[in-house]
Amino acid sequence: MTVFLSFAFFAAILTHIGCSNQRRNPENGGRRYNRIQHGQCAYTFILPEHDGNCRESATEQYNTNALQRDAPHVEPDFSSQKLQHLEHVMENYTQWLQKLENYIVENMKSEMAQIQQNAVQNHTATMLEIGTSLLSQTAEQTRKLTDVETQVLNQTSRLEIQLLENSLSTYKLEKQLLQQTNEILKIHEKNSLLEHKILEMEGKHKEELDTLKEEKENLQGLVSRQTFIIQELEKQLSRATNNNSILQKQQLELMDTVHNLISLCTKEGVLLKGGKREEEKPFRDCADVYQAGFNKSGIYTIYFNNMPEPKKVFCNMDVNGGGWTVIQHREDGSLDFQRGWKEYKMGFGNPSGEYWLGNEFIFAITSQRQYMLRIELMDWEGNRAYSQYDRFHIGNEKQNYRLYLKGHTGTAGKQSSLILHGADFSTKDADNDNCMCKCALMLTGGWWFDACGPSNLNGMFYTAGQNHGKLNGIKWHYFKGPSYSLRSTTMMIRPLDF
């Protein structure tokens with residue numbers, strides 16, 4: 001604040017003092033101002049112009065009063081009286097100025113207090129409004145911040161849950177990856193081992209192939225030599241067969257001679273036994289042999305009606321009273337029973353081992369009188385069983401050697417494994433069964449098949465351990481089932497009235 005004051009009296013006194021000893025200086029003829037700073041307020045005093053009668057200062061370096069910056073210069077020859085008067089006047093003015101200053105200070109204090117009070121009131125109202133506005137804005141911002149915080153917390157919770165799930169999933173994936181890595185390592189080790197073994201096997205295989213090639217070449221040479229030998233043997237066999245035919249003719253002639261001799265002896269009644277004459281007749285079967293006094297099992301010669309040649313057969317004199325003519329026997333698989341019609345017709349094998357008597361001879365025997373059939377069976381566990389039929393005979397070749405049976409008994413099943421109502425005989429080259437499947441080819445051997453049927457004693461021979469699950473083996477269904485191949489079989493016949 002700047003206050004401009006004119007003090008006429010004070011100006012007159014200063015004029016009087018200034019004009020007492022100096023002259024008017026035309027350069028200092030204008031008004032002069034004196035400014036005093038007190039706190040925030042500044043005071044400016046207007047000083048009057050100097051009178052023209054005042055003397056000019058003889059020197060500017062002489063200063064009569066250091067406190068009065070604008071006081072006029074006096075000459076050093078002023079009298080002491082003037083100086084004292086001037087000092088007295090200055091003291092009075094100084095006191096007056098102090099009073100004036102005190103007055104101004106007191107008035108300024110009250111004014112400043114009023115101004116400060118008004119400013120404080122105005123500032124308080126403004127601050128209240130601003131505070132209210134700030135409070136409202138703060139509350140709104142707080143509410144928004146609370147909502148944002150809630151959203152952030154919810155989002156944080158979801159993110160934490162998702163992070164936890166991702167962590168669990170990552171842990172599981174890491175675990176699975178570790179397991180798969182371990183498995184891959186194991187597989188790699190196994191592959192390395194297998195590759196090593198394969199390399200070893202390839203080396204061995206190569207060596208074996210080389211060995212087999214050498215053996216093949218050797219075998220080819222051997223086969224060539226054996227082929228030549230076989231051809232030579234076939235030639236020798238052909239010559240031997242011719243010789244055998246000659247021997248057979250000689251044997252027939254000898255048998256005729258023997259028959260003639262027997263006939264002559266019979267006519268003359270020349271046969272002594274125990275001192276009595278008995279008439280000797282040719283043996284029709286093993287029952288005749290047994291009744292003739294030969295009660296030891298073995299090979300005997302029997303004669304057939306309407307057949308030019310006798311036949312060697314095996315007679316069983318031990319089972320169930322003896323007198324049995326054996327028509328089939330299997331025991332060791334040494335004989336192949338997969339043969340054709342002609343071979344089954346005339347028979348094959350050795351009566352002392354495995355053999356088939358022949359359908360033509362079986363027909364000839366069973367046509368003489370009534371016969372019964374007994375079948376002896378044994379499995380690979382040593383169990384024995386039998387089936388027996390009270391009536392047995394077969395038809396001729398035109399009838400395909402049809403089988404006729406009656407009256408089944410025995411321990412090899414409550415039911416008969418042979419067809420009782422009649423079945424034709426079939427071989428691999430003569431299919432007479434009631435099936436389009438050709439049972440003789442599938443089941444092997446010649447037999448009385450009826451849609452294959454539950455039995456085949458002329459099937460394939462299987463050894464122990466390989467006899468299970470064999471449909472084409474030696475089977476008797478109601479004894480060991482349809483796929484069990486038996487160890488041995490014997491078919492034999494005896495007259496019903498024995």
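Along the chain as shown, residues are numbered 1 onward.
A Cβ is built for glycine as well, from the same backbone N, Cα and C atoms used for every other residue.
These figures come from a predicted structure and were not determined experimentally.
Per Swiss-Prot, the listed range annotated as coiled coil is 81-119 (candidates: 81-119, 354-392, 432-470). The record in Swiss-Prot pairs Cys286 in a disulfide bond with Cys315, which is drawn from Cys54, Cys315. Straight-line distance linking the Cα atoms of Cys315 (disulfide bond) and Asn295 (N-linked glycosylation site), rounded to a whole number, equals 9 Å. Cα distances from Cys439 (disulfide bond) to the recorded positions Asn122, Asn154, Cys286, Asn295 are smallest for Cys286. Comparing C-alpha positions, Asn92 (N-linked glycosylation site) sits nearest to Asn122 among the recorded positions Asn122, Cys286, Asn295, Cys452. Under the DSSP three-state reduction, Asn92 (N-linked glycosylation site) is assigned to helix.
Reduced to three states, the DSSP call for Cys315 (disulfide bond) is strand.
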